[in-house]
Amino acid sequence: MDFASSKKRKFKDANGVKPSKGKKSSSIPDKKSKKVKRAEPEPHDEPEDDSSDEEEQALKEVEDESDQADEDVEAANSAEEEEEEGGDEDNAENNTDLPNGGQLTLPPVAGAEAQSFEELKLSEKTMKAINEMKFTKMTEIQRRGIPPSLAGRDVLGAAKTGSGKTLAFLIPVIEMLSSLRFKPRNGTGVIVVSPTRELALQIFGVARELMAHHSQTYGIVIGGANRRAEAEKLAKGVNLLIATPGRLLDHLQNTPFVFKNLKSLVIDEADRILEIGFEDEMRQIIKVLPKEDRQTMLFSATQTTKVEDLARISLRPGPLYINVDEEKQYSTVEGLEQGYIICETDMRFLLLFSFLKRNLKKKIIVFFSSCACVKYHAELLNYIDLPVLDLHGKQKQQKRTNTFFEFCNAKQGTLICTDVAARGLDIPSVDWIIQFDPPDDPRDYIHRVGRTARGSNNKGRSLMFLQPNELGFLSHLKAARVPVAEFNFPTKKIINVQSQLEKLISQNYYLNKSAKDGYRSYMHAYASHSLRSVFDINKLDLAKVAKSFGFTQPPRVDITLGASMSRDKKQQGRRAYGSQPRQNQGNKFTR
């Protein structure tokens, strides 16, 4: 039997699922097949990044930590495996079944009245990690979610951002892995699916701390990372796996690894996963994964029709529904001071520049509507000696990872970004959230401002820029139980650098090109806004918009409304706000 067919047979034996036909297998040779050359896997969701060593440094740190965890586990488990298997190493390597047939025997758990982690009667190893992380009292989602999850219940949870749900799902699954004595050879027992790479990295970091004293393995697979290295680790055995949907489906279909023992599936930020176009991938993932005795926990900030459909196919009948926000007066967290400022279109950049200059010692996140807008403003601000970091979806993964951790570790500074940073990310000590471009609807607003005032005793402030024609958005925020007040920024305190800006843009070829791209993308984003009754492109003064980008006259760019319909397709079916996308009207605003 040749090597490829033997690996397919081994994969089938381990999981009862055949590798996808017509694609190369990213198989990892076993110890008896060292001389056989490995087949290169074909990327499924994003191409592998083969850029410079400097760009790979950020992800390398995560990979090194995962490698070290694997080494520690192998050393810790070697004696136990010899004892349990009677010293038969070959049998231990090939036997992927769980001890005791995978029967879960967790200690009695505390009821909903438990207030502290101590009352949950968790394992000594988990409690030691929680104490080292300085957690004592539970948040509401933890108090209501952890006990039933420890008991094996399926959970459908709704909680606002910053509520502590990461611990709410990680603690129960780690306890389960420990109770079942999972080892690398048993394969993957828990999969956590996250919408974005940054959120997946963040969950991975929390899992690493919680599992510091446990012997089980953990790992992460995300788009843009080294797929071959991921496949090798999966073949060795990753008990707790954090993943983004596209890369997870890729490995499930093309990488031979053991997942027949899967006991728990966690879907975090389910509404966001569906919003960004991973509905088909999630359906395929759920279809491939074992269903028998599998616990599923699904968390979503909003309960849309698509989320309900996903819950229906993934959860067992009679799940526990937890909504910690239904009785709250406001949809945003306490300790958050929220406001807006009315600003003429041509003054928007000057106001932003003046605000950032006055708050150089603060930690600030500024949200823009498109990648090109982020790129232009980052290049411009850094060029004029106002240092900022930038984060958006068109960057290479190494760059995104490096920027994310650099800003997390910074005590002060400014990050300008798209909504890639708006969901779930726990960035410490953010003082201000600036929404330079308006969000697509109140739900996105809530997630943006959720990057500050996180935790039980933290404070934070947010500021939204609104043009005079956009004030109708305030009524939508009010309907969504979001309290905002008008802020004033004295005109005399605005630093007028308009003439210098226009001179710079006219003379610097690269900034001019970047400004033109930003202008075009801003108009496209505005044209495809879901709340078109409020954000009407026909009401924009294009001369003022151009001026805010540093042009004396609107540049000659095609900003056909129909050109933005690809973005509309991503929005359709997920928005409860605003009108349906318009048909291609063929209107052009070309200068």
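Numbering starts at 1 and runs along the chain as it is shown here.
Cβ coordinates are placed from backbone N, Cα and C, and glycine is handled just like the others.
The following features are taken from Swiss-Prot:
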- A159, K160, T161, G162, S163, G164, K165, T166: ATP binding site (BINDING)
- 1-11: compositional bias 'Basic residues' (COMPBIAS)
- 45-92: compositional bias 'Acidic residues' (COMPBIAS)
- 335-495: domain 'Helicase C-terminal' (DOMAIN)
- 1-108: region 'Disordered' (REGION)
- 560-591: region 'Disordered' (REGION)
- 115-143: motif 'Q motif' (MOTIF)
- 268-271: motif 'DEAD box' (MOTIF)
- 347-363: motif 'Bipartite nuclear localization signal' (MOTIF)
Long-range Cβ neighbours of the motif 'Bipartite nuclear localization signal' (347-363) (under 8 Å; 6 or more residues past either end): 341, 377, 381, 386, 388, 410-414, 429-432, 434, 436, 463, 465, 467, 489, 493-498, 501, 548-550
Neighbourhood of K165 (ATP binding site) by C-beta distance under 8 A, where only residues 6 or more apart in the same chain count: I141, Q142, G145, G157, A159, D268, F299
Same-chain residues at least 6 apart in sequence whose Cβ lies under 8 Å from S163 (ATP binding site): T139, E140, I141, V324
Intrachain residues whose Cβ lies under 8 Å of the motif 'Q motif' (115-143), provided they are six or more past its termini: 107-109, 150, 157, 159, 163-165, 167-168, 171, 174-175, 178-179, 209-214, 322, 324, 456
Reduced DSSP assignment, K165 (ATP binding site): helix
Secondary structure content, the motif 'Bipartite nuclear localization signal' (347-363) (per DSSP, counts of residues): 12 helix, 1 strand, 4 coil
Local confidence of the motif 'DEAD box' (268-271) - pLDDT mean: 89
Coarse DSSP state, helix versus strand versus coil, of A159 (ATP binding site): coil
Cβ neighbour count within 10 Å of A159 (ATP binding site): 22
Residues of the motif 'Q motif' (115-143) by DSSP state, where helix covers H, G and I: 17 helix, 2 strand, 10 coil
